[in-house]
Amino acid sequence: MSTSAQIGVTGLAVMGRNLARNFARNGYTVAVHNRTVARTKALVEEFGGEGDFISAETAEEFVAALERPRRLVIMVKAGGPTDAVIEEFAPLLEPGDMIIDGGNAHFADTRRREKALREQGIHFVGMGVSGGEEGALHGPSIMPGGPKESYDSLGPMLEKISAKAAKDGAPCVTHVGPDGAGHFVKMVHNGIEYADMQLIGEAYQLLRDVAGYSPAEIADIFRTWNQGRLDSYLIEITAEVLSHVDAATGRPFVDVVVDQAEQKGTGRWTVQIALDLGVPVSGIAEAVFARSLSGHATLRAASRGLTGPEAAPLGKEEAAAFADQVEQALYASKIVSYTQGFHEITAGSEEYGWDIDLGKVASIWRGGCIIRAAFLDRIRAAYDTRADLPSLLSDETFAREIADAQDDWRDVVIAAVRQGVPTPGFSAALAYYDALRAERLPAALTQGQRDFFGAHTYRRVDREGAFHTLWGGDRSEVSA
Ligand code: NBP
């Protein structure tokens, strides 16, 4: 047993405990600490055999157990508790030591904390961790931000405990960028996760209501899709959930679960920040709103009597053909939601001067995290080919795939609208695609209206400058 630890973890609920075990299983000596001492004791009693742990009951003991420069990971509830823990430990640390916040912090909090600790010479690393408790134990996708020099010392340890991409064994961790970059990227990851799940949900609903398949049949369809370009963790677990039968009733599990989902934390932040940055993340926003709508039980009950088309399930052959079309629509919509998510990362990177490497971001999401997907290799390849790609849709391969998918994508949205199946994700993705490729948008009319009611001025297509039309007078145009 060593007397000094290479890393320490404070906050030993599910995430912290498993992260500490992961470090220990990888040969590091880990100091462990928790506000309530019982959790520390339980960890060492249950899992002490997995590696070298140094158990600390007080903050002073914990800090004393760490080799220098100290690496201290905080895994407590995000928000006030994280500030409380930083306030407790920072005075005990020395310049050059590192505080690593692995919680789900808002990136603005991370920026604030990094700035304050930098003034004390302490390196603060805001570290996004994805993959839940299983990931924390067996290998998460890790998105650390903070000073580059801290990564020189911390990176090799993170590379050891992180997930490894199935394709090439590369560690799913990289130094994302300064201060809040890591937590920002983790936030957008979660936003994309919301969109992915919404699109999968819409595909399921269409296969059920329009094609007339049972959950078990739909599970088989998802299994087939998982062999192709949609190969991903979320498609895989969707098949598992859909094929599960409720033991108590013998009914499909999905039919006995209340159809109300929560929307909180990072998914919502992704949309709020996108609004601040002026980035259209309509697919992610629709996913957040769809969850929000699902939770309005009273409103939904009051609206059930509203009229709409009756579902008329397709015949067997038509259903199979429709399922193929839904795969196309799902894939095309997925490309759009990743396009939007990467746009938000680009905008954040520009706004805060983070210089984020988008190809690397795609690369570290290939293992450990919820959105891990074969598809991310293609995104990485797109950014490797051209680092300044204006949008994923500008990549030749993705553009061609969307071109191939689009007739089916449109047919699916038409079928959904005709049959009254809500597909806000598919529809928003298609509208985004059509808006981007449009020669002219009605924003010109919007500008005319704004100039009419508020003299907000407009620009012209044929001349530089700002102009105003004298709407209340002779309607002549003046330079503004
Ligand atoms: P929780 O988010 O449930 O937090 C519980 C931990 O926070 C306990 O160790 C608790 O100590 C500690 N804590 C609290 Br609450 N207030 C404290 C305070 N004022 N001072 C010191 N410690 C305090 O734990 P979790 O689910 O393991 O998540 C940890 C972090 O990881 C969170 O930020 C979470 O958002 C993030 N995260 C979670 C997941 C996931 O799948 N769960 C995934 C990715 C990231 P106590 O034992 O004394 O009460």
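Each residue, glycine too, has its Cβ placed from N, Cα and C.
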Ask   = R111, R450: which one does TrEMBL list with N104, S130, G131, G132, H189, N190, Y194, K264, R291, H456 for the substrate site?
value = R450
Remark   = Rounding to whole Å, the Cα atoms of N104 (NADP(+) binding site) and E193 (active site, proton donor) are apart by 15
Ask   = Taking the Cβ of E193 (active site, proton donor) as reference, which residues of that chain separated by at least 6 in sequence fall under 8 Å from it?
value = L234, G267, I370, I371
Spatial neighbour of K186 (active site, proton acceptor) that is closest, considering only the binding-site residues A13, M15, H456 and their CA atoms = M15
For the binding-site residues K77, R291, the one whose C-beta sees the most other C-beta atoms within 10 angstroms = R291
Request  = Using a Cβ cut-off of under 6 Å to any atom of ligand 1, determine which of the binding-site residues N34, G131, H189, Y194, H456 qualify.
outcome  = N34
Ask   = Should H456 (substrate binding site) be counted as helix, strand, or coil on the basis of DSSP?
value = coil
